Amino acid sequence: MGFPIPDPYVWDPSFRIFYSIIDDEHKTLFNGIFHLGHDDSADNLAELRRCTGKHFLNEQVLMQDSQYAGYAEHVRAHDGFIHQLDNWHGDVKWAKNWLVNHIKTIDFKYKGKI
């Protein structure tokens, strides 16, 4: 069972990783998915894809620089999300659920390690 999806769908302190750049990027991803839920336009999807790619790259560089042991697992999770965005079928509920659970399970594993 996953974590509850916030309503309204906004970042809150329970998602804090304690790396300001990552927390700020997570806020941007929440915002992007929120907007996509209200307007499933190609422009909103493209903006979410752009922000997601930038965030994943930044996170992966931090993990590589610190030789984080969970790097490969983390990249696989990122690749799966990107694949879903690149083959988008309008499932905003899935995207909301993925981000919440990714942060609170996968991202929380690197707290204090990168």
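Glycine residues also receive a Cβ, built from the backbone N, Cα and C atoms like all the rest.
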From Glu47, Glu59, the one annotated by Swiss-Prot with His74, His78, His102, Asp107 for Fe cation 2: Glu59
Glu59, His74, His78, His102, Asp107 excluded, remaining Cβ within 8 Å of their centroid (Fe cation 2): Phe56, Gln60, Ala77, Ile103, Ile106
Sequence-distant neighbours of His78 (Fe cation 2 binding site) in its chain (C-beta under 8 A, six or more apart): Phe56, Glu59, Gln60
Spatial separation of His55 (Fe cation 1 binding site) from His74 (Fe cation 2 binding site) - C-alpha basis, Å: 13
